[in-house]
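Here's the structure we're looking at; comments come further down.
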Amino acid sequence: MATPDSLALFTGLGLSENKARETLKNEALSTQLREAATQAHQILGSTIDKATGVLLYDLVSRLRDTRRRSFLVSYIANKKIHTGLQLSAALEYVRSHPQDPIDTKDFEQECGVGVVVTPEQIEEAVESTINKHQLQLLAERYRFNMGLLMGEARAALRWADGKMIKNEVDMQVLHLLGPKMEADLVKKPKVAKARLEETDRKTAKDVVEKGEVAGQTLSLMEQLRGEALKFHKPGENYKTPGYVITPYTMDLLKQHLEITGGQVRTRFPPEPNGILHIGHAKAINFNFGYAKANNGICFLRFDDTNPEKEEAKFFTAIYDMVTWLGYTPYKVTYASDYFDQLYAWAVELIHGGLAYVCHQRVEELKGHNPLPSPWRDRPKEESLLLFEAMRKGKFAEGEATLRMKLVMEDGKMDPVAYRVKYTPHHRTGDKWCIYPTYDYTHCLCDSIEHITHSLCTKEFQARRSSYFWLCNALKVYCPVQWEYGRLNLHYAVVSKRKILQLVAAGAVRDWDDPRLFTLTALRRRGFPPEAINNFCARVGVTVAQTTMEPHLLEACVRDVLNDAAPRAMAVLEPLQVVITNFPAPKPLDIRVPNFPADETKGFHQVPFASTVFIERSDFKEESEPGYKRLASGQPVGLRHTGYVIELQNIVRGSSGCVERLEVTCRRADAGEKPKAFIHWVSQPLVCEIRLYECLFQHKNPEDPVEVPGGFLSDLNPASLQVVEGALVDCSVALAKPFDKFQFERLGYFSVDPDSHQGQIVFNRTVTLKEDPGKI
């Protein structure tokens, strides 16, 4: 609860009562503001005026480096910094000059200290600006953009008071144009504005709300918003809030720039213990996209520090997926490339008293408040001998670890740097029986590769302190770690452990089952890489976690396939139709456009014979209101043929079911136009078609409230339907795995790798957009 004294102090500084109460809820901010006010009061020896108070509040709200706060408070209290513009310049200066001492002469020059802008100077600058635009002003009068005059005058007088400039602009414009007339009060027509808004909508950033995305596809870097727009330039790591500066920082950054030439460097560092999923696609796009947008480079680095969980197939699959998405790594590296250097640095930490060998068991280190290690203060000479013994295999797994002496953001004390593992490594064999942890490896590999922007998902925020601490403890270049929100999808699970459970339960076939959202599964289902990249771009990069609807990803898929997938015709539930008056003694060759909306993309031929097959759902014995397809007394057109068929006879099987139809045909232009045209096949290929739906029935299958029985109890029994006797036109006969088609009126389909000579297997990628008028 706010104390009366504190509330009075903050309102006395110029804060509204609501703002003061809000500030008091933030203990760190209110403490800093109280300290700043106390210092200012000591300097002034009197009550702090509101203008000074507002600047003090602005200062403590924006400055995270408390070392410089006292320095700037003294300038504010002494009225050397007395405008918001000067304060912004001062904050930028101290961020750009992190090392003491500050060059006060240079600082004051950059912040306009002592600069006095007279009313005469303001009058002269405004007059010069108005003279420059006088003809346009006289023509447009008060419809002229007065902000332009303000901006140019302020540019000429950087430290002038903004209100004084505005008053002078208003006065001189009034003197030039006179009072506003009736015509000046008429609002501008909105036509031009509407056109501008229409253009803006086509290029503006998409807005993500409640899992919905609006707007057109832009590149991922055009979608960057929020904190990502404030990334530091290479070599200016110290400008990042929270970045730790040591006496060695500036020299190390100078060396870093000499090595990189100021180049942006990012990395995508997956663990090779599973298959990449849709969330990784965002990480790939962000890391590779940011580097590409800034003419930089991106490493693909495998974090191979867990030998018992790593398999060769995962290395291959990860690399394949990165390149499938269209990215080429600058270099493929492995954490194991640096094992020798990492070990040498671990020894250095022990020498410096910053790491020790501990014998607590894994179970003792778990939980929120594990007991402190009784070996934390053992002599470093002893830890050196024990660490060497660990390396030589003299401890069993779990008997000894190397721990670093620090406390992380989440309160975790002394994270493990090395542990004993006797599993042979896929690259180093049995050279090592101790392996570094993620907390130890990650930042040091970034340092070795001179990464400028270490982009991680939000769960790694708790490890940022160990990231900075370790680089600084070893006096090596320290990159900047920046965390962003993960991308999740409804109706999906992406956890490696849970996917393994799905496979073990027989719910899916493997990691690439098209019902999953692993990248290999999406590729098998037929999702184009461009669509996945577009989806990531639409979602954008924010600090907040994002959970999206699958239909938004599917919309991106349709956008790409509409222009990329040639058309074909297929029938899932065939009904034989015999044309009794077929107009030719042999089949006709029908020329079908690959893309009906753009016939310049070519044609293919399909046979049209006296026997065709249509969808059983495209026939009803008796027509109904609103029904437009084939029925008794209701003819229907056959797409692309130029013919209309009309029912003559229904042939039934022994069970009474309709077995085939006998129809007559006529030219479409020889009579009344039919209500509808349907797709068909003739002399077709028999194929297998797999139809996919959501794997789970609820949006959040992992939510114990929504699904009390666990995600395995939420499986959708209709998630896969196999149509074994489907028919498809012969234009697809030479299709290869992953070739994609639009089957007219049905959806987009991709050739599955299970296809073999004699039978093609198709996966339905996505349905067509729903047509409310189709009955």
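Heads up, the Cβ atoms here are built off N, Cα and C, so glycines get one too.
The shown structure was predicted, so the numbers you read here are calculated from the model rather than taken from an experiment.
As recorded in Swiss-Prot:
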type: MOD_RES; residues: ALA2; note: N-acetylalanine
type: MOD_RES; residues: SER70; note: phosphoserine
type: BINDING; residues: 271-273, 277-283, THR457, 486-487, 494-496; note: ATP binding site
type: BINDING; residues: ASP303, TYR438; note: L-glutamine binding site
type: MOD_RES; residues: LYS309; note: N6-acetyllysine
type: MOD_RES; residues: SER495; note: phosphoserine
How many neighbouring Cβ atoms, not counting its own, are there within 10 Å of the Cβ of THR457 (ATP binding site)?
17
May I ask for the distance between LEU487 (ATP binding site) and SER70 (phosphoserine), taken between their Cα atoms and rounded to an integer number of Å?
42
What Cα-Cα separation, expressed in whole Å, is found between TYR438 (L-glutamine binding site) and GLU271 (ATP binding site)?
10
Taking the Cβ of ASP303 (L-glutamine binding site) as centre, how many other Cβ atoms lie within 10 Å?
19
When the Cα of ASP303 (L-glutamine binding site) is compared with the Cα of each of the recorded positions SER70, ILE278, LYS282, LYS309, THR457, which one is closest?
LYS309
Within 10 Å of each Cβ, count the other Cβ atoms, then let me know which of the recorded positions HIS280, LYS282, LYS309 comes out lowest.
LYS309
Nearest-integer angstrom distance between the alpha carbons (Cα) of GLU271 (ATP binding site) and LYS309 (N6-acetyllysine):
9
Coarse DSSP state, helix versus strand versus coil, of THR457 (ATP binding site):
strand
What three-state secondary structure does DSSP assign to SER70 (phosphoserine)?
helix
